[in-house]
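Engineer: Structure incoming, see below.
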Amino acid sequence: MSGPQAPEPTLEGQADASAGSPDEDAAEGIQHSHRMLSFSDALLSIIATVMILPVTHTEISPEQEFDKSVQRLLATRIAVYLMTFLIVTVAWAAHTRYSGLGPVLGRQPVGSTPTPSQACMMTITFLPFTFSLMVTFPEVPLGIFLFCMCVIAIGAVQALIVLYAFHFPHLLSPQIERSAHRGLYRQRVLGIIVRGPALCLAAAGFSLFFYPASYLLMAMVIVLPHVSKAAGWCRAQLVGPREPPAHSVEVFTFDLHEPLSKERVEAFSDGVYAIVATLLILDICEDNVPDAKDVKEKFQGSLVAALGESGPHFLAYFGSFATVGLLWFAHHSLFLHIRRATQPMGLLNTLSLAFVGGLPLAYQQTSAFTKQPRDELESVRISCAIIFLASIFQFAIWTTALLQEGETLQPSARFGGREHAFMFAKLALYPCASLLAFACTCVLSSFSTAIFHAMQIAVPFAFLLLRLLVRLALAGLRALRGLVGPVLARPAPGAADEAQSPLLPAPC
C-alpha cells in the first residue's frame, strides 16, 4: 500500500530548477576549477615522487661490494632523479600559473570531450616510464628523447589551454577580460610557458648525437629562470632599473617563478609527503609477506618465526615512517607561521621535497643491513645524508623567512616572539641529529647500525620533550642573565660621586 504521492514537478518547474542564476553558475565553475586544481596538485606530486622508484630498485647482489662502480651508478641515478623531480615541479608551477588566469579556466563544458587539462595530466603520468628508461640507460638517446617529447607535449597542451582561454575571454578573470592589453597578456604567458619545452626540444635533438648536451639543456630548464632573474638584478644594480614599456601590463603579472600561493605549496608538499609514506609500505607488502610453502617447510608452519626473519625490514620501516612523519610535522609547523612565501623560499622548499622523495632509498639501504653487512657503513652514511639534506633545506626556509620577517612570518615566530625559540629548535633537531650520527660513524664505524637506529629512536622522543627542553633552556638563560645582570649594572666605587659632581657647584 503506497502513501500519498508527491506532485510531479511541471516542465516549467524543471526548467526553473535546471537554470541557475549567473552567480550560481560562476560559483559552480569556481568550485569545479578548485577541485581540478586539487586533483592536479595531487597527481603531479605523486608523479614527481615516484621517480625515486627506479633508484630504490637498483639491484646490488649480496656478493657485490659497495665499490666505486656501485657508488657511481647510484650517484648518476640520484642526479637524474633530482633533475627530473625539479623539471616536474616546474611543470606544476606552470600549470598553477595558467590555472590562475581565470576563476573558471579548465571548466569542462557540458557534453564535451575531456578537457585539454586532463590530456596534460595523462601526458604527465607517462613521465615515470620515460624516466625509468633514462635512468636505466643514461647513455641511450631513446630514453632522453622520449622524456623530452613528454615535456614538449605538456607544454603544447598548456599553450593550447591558454589560447583557448584567451579566445573565450569570459573564462578569464574580470581584470584581464576588461583589459585593453589582453594580447600582451597572452604573448607574455605563452612566452614563459614554451621556454622549458623549447629547451627540451633542443635537448631531444642533441640526444641523437651528443647526449651530455641534452642533460645540460634539461638542467637549464631549472636554473635558467633563476639565472635570468639574478642577471636582471645585477643589471639593475649597475645601470639602474629598466624603464617600463609604453604598453606595460599594469594590473596582471604572470611570472612562472614568482612565489606561488602558500596554499598551493602546502597542497603539493602534503602530496609528496603522503606518497613517500605510502611507498615505504609497498616494499614490505611485496617482499616481506612469507610464502605459504616456505612457512610450512622452513619454519614448521610458524608464521611468527617466518615474520621474525624480516625483523630488520620492519625496524627500518618504522624508523623511516617516523622520519617522514616528523619531517612533515616540522614542515606543517613552519608553514603555519609563514604568512607569505617568497621565491627563494619556494626554491628551498622544492629542494627539501626532492630529498624527502629520496627517503625510500634510505629505507632500502637500511633494510639491506642483513643482506649486505659489509656495506652497512656506506648505507648508514647515505641515509644520514638524505635526512640531513631534506631537513637542512627546511631550516634554510626558516632562516630565509627571518631575513624578511615583517612580510613572511607571523608576529609570534619573529625574533623575540613566543614561538621563535621553539621553531628554531624544532627545525634544527633533524639536521643536528643526522649530522651527529654521520660524524659518529666516522669514529665508531663498527657501531654504525646501532648509531643510526639510536638516532631514529631518540629523535621522536626528543620531539615529544622539545617544548619542555626549550622552556628549561630559556629559564636557565634568564636565570643566568639575572645573575650576571646585577653584577654588570652595579656601579663601581666612587662612580656615584663622579656622576653627581657635575651637579655640584664649582669650588671658589
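Sequential numbering from 1, following the chain as shown.
Backbone N, Cα and C atoms are what each Cβ position is placed from, and that goes for glycine too.
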Engineer: Could you check which of 119-138, 219-238 is flagged in TrEMBL as transmembrane segment?
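Structural biologist: Here TrEMBL associates transmembrane segment with the stretch 119-138.
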Engineer: Report yes or no: does the transmembrane segment (119-138) come within contact of the transmembrane segment (39-58), defined as 3 or more CB pairs under 8 Å with a sequence separation of 6 or more?
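Structural biologist: Result for the transmembrane segment (119-138) with the transmembrane segment (39-58) is yes.
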Engineer: In terms of Cβ proximity under 8 Å, which residues at least six beyond the ends of the transmembrane segment (144-168) contact it?
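Structural biologist: For the transmembrane segment (144-168), the nonlocal Cβ contacts are 84, 87, 91, 94-95, 98, 101-102, 105-106, 116-117, 119-120, 123-124, 126-127, 130-131, 133-134, 182, 185-186, 189-190, 193-194, 196-197, 200-201, 203-204, 207-208, 211, 214-215, 218, 221.
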Engineer: Which bits of the chain, at least 6 residues beyond where the transmembrane segment (424-447) starts or stops, bring a Cβ under 8 A of a Cβ in it?
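Structural biologist: Sequence-distant neighbours of the transmembrane segment (424-447): 323, 326-327, 330, 333-334, 377, 380-381, 384-385, 387-388, 390-392, 394-395, 398, 454-455, 458-459, 462-463, 466, 469-470.
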Engineer: Residue list, the transmembrane segment (39-58) vs rest of chain: Cβ under 8 Å, 6 or more residues beyond ends.
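Structural biologist: For the transmembrane segment (39-58), the far contacts come to 73-74, 77-78, 81, 84-85, 88-89, 91-92, 95-96, 99, 117, 121, 124-125, 127-128, 131-132, 135-136, 264, 267-272, 274-276, 279, 283, 353, 357-358, 360-361, 363-364.
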Engineer: For the transmembrane segment (314-335), find every same-chain residue at least 6 residues outside the stretch whose CB is under 8 Å from a CB in it, and list them.
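Structural biologist: For the transmembrane segment (314-335), the nonlocal Cβ contacts are 262, 265-266, 269-270, 273, 276-277, 280-281, 284, 288, 341, 352, 356, 359-360, 362-363, 366-367, 369, 387, 390-391, 394, 397-398, 423, 426-427, 429-430, 453, 456-457, 459-460, 463.
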Engineer: Quick one: do the transmembrane segment (385-403) and the transmembrane segment (453-474) have at least 3 Cβ pairs under 8 Å, skipping pairs fewer than 6 apart in sequence?
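Structural biologist: Contact between the transmembrane segment (453-474) and the transmembrane segment (385-403): absent, because fewer than 3 Cβ pairs are under 8 Å.
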